[in-house]
Structures are given as C-alpha cells and as structure tokens.
Amino acid sequence: MAKAPAKKFSGGAQRESAGGEQRKTAVFKMNTDLGQHILKNPLVAQGIVDKSDIKPSDTVLEVGPGTGNLTVRILEKARKVIAVEMDPRMAAELTKRVQGKPEQKKLEIMLGDCIKTELPYFDVCISNTPYQISSPLVFKLLNQPRPPRVSVLMFQHEFAMRLLARPGDSLYCRLSVNVQMWAKVSHVMKVGRGNFRPPPNVESSVVKIEVKNPRPPIDFNEWDGLLRVCFVRKNKTINAGFKTSAVLAVLEKNYQTWLSTQGEIIPEGSNLSDVVKQKINKILTDTGIGEMRSAKCDQTEFLTLLNEFHKAGIYFA
C-alpha cells in the first residue's frame, strides 16, 4: 500500500467522477458494494471524535475516511492522521479538502485495503466502518503487536450488539467472547439511517473499544482457535464441537508437534488418534464443561478449558 502524494489527486482526477459526472457538482456515485455511506451529520461526527479521547501527541488511524467529515475533526486534535482509503476518488476529495491548510502536513493518505496491509503504529483508531470488513477490522486491531489504546468504530447496529453481548444473549458469539477478553467494550450511540448519504439499509451504532492493560497473558491465536471449535454449534454441547473429524485432525497434528518439542514419543502399540480423543474426553468430563453450551459459557469457563488442554499438550493454533 503506497502513500498517496497530493499531486496524484490534482487536475483531471478531481474533475472526473463515476458515471461521467462533472466535478463541479461535488458529487459522485457512491459504491455501496464497498460500504460507502458518508456520515453527513456533523454532531454525530463530533461526538465520535470527542469519545475517542485523542491526545495532542496521538497518531490516529482512520479507516474509510470518505470525503473527510470525520478526518477534519480528528486533525484538529491529533498530532498525525493516517487515513486508509480504497477508493482513489475519495482520496482525491480528502486531499483537496486539506490542500493549502496547516492540517495538510498532519495527514497521510494510504491507498488500499486496510485488512490486507501491514499498518504502522497508531494510538487511536476511528472508523465509519464499511460493514463487510467489520469483523476482520476488529480482529486486526486487537491482534496488532501494539494495539491502539482506544478504537471508536461505527458498525451495523446488530454487529455492534454482538460485541456487547453477554452469555445467554441471543447475539452472544465467538466475537463477543474474543473481544471482551482483550478489551472493554461500551456502546456510545445509535445512529439512524438518515445520518448517511446514501442511507444504508440498516441502523448503525458506535462502540468504543479500550484494550486491557496489561494484556491478558494468553496467546491470541490459541484463544481464538479454542473459541472457533466451541462456537461451531453454539447451541449444541461443547462436546459436539470436539467430535468433528476436521477438529480432531488439527488437534492430533498439533499434539504430535507438541510431543516432538518435548522429546516424547507415543508408547509402542498406542494409536495417536485414540490418545488425543481420550485426553479431550477426560478434560471435557473432568471440568464439567463438555455438557455445557457455548452460548451460555462465560470467559472463565473458556479459560479453564484452554488451560487444561495446554496442560495435556493439546493446542489450537
């Protein structure tokens, strides 16, 4: 992903728009397939920035800046803004908006897909998130080597409620458990369809994600790997998730790798697959968690499982 120099967006790039419309209208056709719904309500935009607790020394990552309605407000508070945008037309609009102003020196525009790009360090993330990257963005932010202190993100309302869901809630899922392990999540505001241009088909909500410090002393991928198994059928017993051939094959392979690192071998006459199955069944039975349903299990119960599996040499990533 390359930095977008200002000169790239001068001249013809600023005059032309999708569908042959002229730049003088300051309007081009939004690509809703990319989740382009511009936040037009200045009060909502200011509320998002205010909730981000930006310090004068902060570098802020903005995902999907669009035409810059949030960006210009972030620039007033932050030391630097890195805006990641896939659409060159949007990048052109944003560049033009700050051109010749003091804020121009504080803004770096990166063209490309935020999910596929290695990101530089940043303190805060703000995003009017394209809905199709909601889950990948959350996981990418939490799995950064140095996760942002605060993320204030706009999502489809139902997705936002999944982040906040508790055991027993209908929306409680792997995402809920995962995010709440690494961060405190709070609801900032609900945002109606009429606050966007063009209006999306659903209501939106803004959430604030504040990472835990210190970070929980578990491996991100191990935790996520366990939850993937447990939530394959969240309303079935956890036992059921560990009986699929695909899951057993992965755990058997990982167990074999663990044995090699420990300098151990399977006793002659033993079947590795049977050994792994026996270990899994013993853990699920001894903890009493095997007969529980993931939809009703809390963080403590999943942590108990992960610790017991690791003691037995069974890993998930």
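Cβ coordinates are placed from backbone N, Cα and C, and glycine is handled just like the others.
Note that the structure is a prediction, hence the values are computed from the model and not measured.
Per Swiss-Prot, the feature S-adenosyl-L-methionine binding site maps to His37, Leu39, Gly64, Glu85, Asp113, Asn128. Every protein chain considered, the tally of other Cβ atoms within 10 Å of the Cβ of Gly64 (S-adenosyl-L-methionine binding site) stands at 26. According to DSSP, Gly64 (S-adenosyl-L-methionine binding site) sits in a coil region rather than a helix or strand.
Under the heading region 'Disordered', Swiss-Prot lists 1-22.
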Maximum Cα-Cα separation in Å among residues His37, Leu39, Gly64, Glu85, Asp113, Asn128, which the record lists as binding S-adenosyl-L-methionine: 20
Most Cβ neighbours inside 10 Å, all chains, among the binding-site residues Glu85, Asp113: Glu85
Neighbour-count leader, CB within 10 A, binding-site residues: His37, Asn128: Asn128
